[in-house]
């Protein structure tokens, strides 16, 4: 059960996470720019900054959970039995969404699908390494381990997922301007598509996490989303438009499935 003090610290958690992340990204990002914008260094900046939700959670931990320990928190978070069929199904859905989106981009650009993908050993290994360190493992203790259950104390699964999705989406805002290289109309298309994609994905994660309350579920889904993108070598703005479309449609399907499960 979430501590009664949680409500008082939920807003603080969000504010502190935003402030810390934005300060780190803007300061470290500026340093990278001064060093010539090295992409490898920028990857490490993103890795470090992606851990801000967990860092803030650990700093506030004793105030949020005064009668618990970090060890107990993670023991409970990963204690539930995993649903292997659920993990396989969501991974398959994510793979189909990615491949379909890449295929549509290939048709739009008039190039073979494989021309837009790089599955070389070096790309996959380095991509796996950085994806493992950032995003999923760095963020989910905060977003789904703490924030989602805290909001669910007073809201439904769907509403809570939408709220977390909004918070999660705009937390990324500095990266839209620092790491994409887009401007003008392309930047607007990227931001709008990103918002739709991530909020839709947050709803899917929330529903799946409700079905299997093991923190590995959102970590797995978040990891798969990022890892598939590693292989794409086209313009990400072209891809994310279609990812947004298909994740939005998929989210609607998951909402119907969730409501059907509740009513049955």
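Every residue number used here counts from 1 along the chain in the order it is shown.
Cβ atoms are placed via backbone N, Cα and C, with glycine included.
Where the annotation comes from TrEMBL, it is an automatic prediction and has not been curated.
Annotation comment: TrEMBL describes 125-228 as domain 'CAAX prenyl protease 2/Lysostaphin resistance protein A-like'. Among the features that TrEMBL reports, transmembrane segment is placed at 12-35, 41-61, 82-104, 116-136, 157-178, 190-208, 215-233, 239-257.
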Interface check, the transmembrane segment (82-104) with the transmembrane segment (215-233), three or more C-beta pairs under 8 A: yes
Interface check, the transmembrane segment (116-136) with the transmembrane segment (190-208), three or more C-beta pairs under 8 A: no
Residues from the same chain, set at least six apart from the ends of the transmembrane segment (215-233), whose C-beta lies under 8 A from its own: 74, 77-78, 82-83, 86-87, 90-91, 94-95, 98, 102, 116-119, 123-124, 127-128, 131-132, 134-137, 139-141, 143-145, 201, 204-205, 208-209, 239
Contact yes or no, the transmembrane segment (12-35) and the transmembrane segment (239-257), 3+ Cβ pairs under 8 Å, gap 6+: no
Taken over the domain 'CAAX prenyl protease 2/Lysostaphin resistance protein A-like' (125-228), the model's mean pLDDT: 93
Helix, strand and coil counts within the domain 'CAAX prenyl protease 2/Lysostaphin resistance protein A-like' (125-228) (DSSP): 88 helix, 0 strand, 16 coil
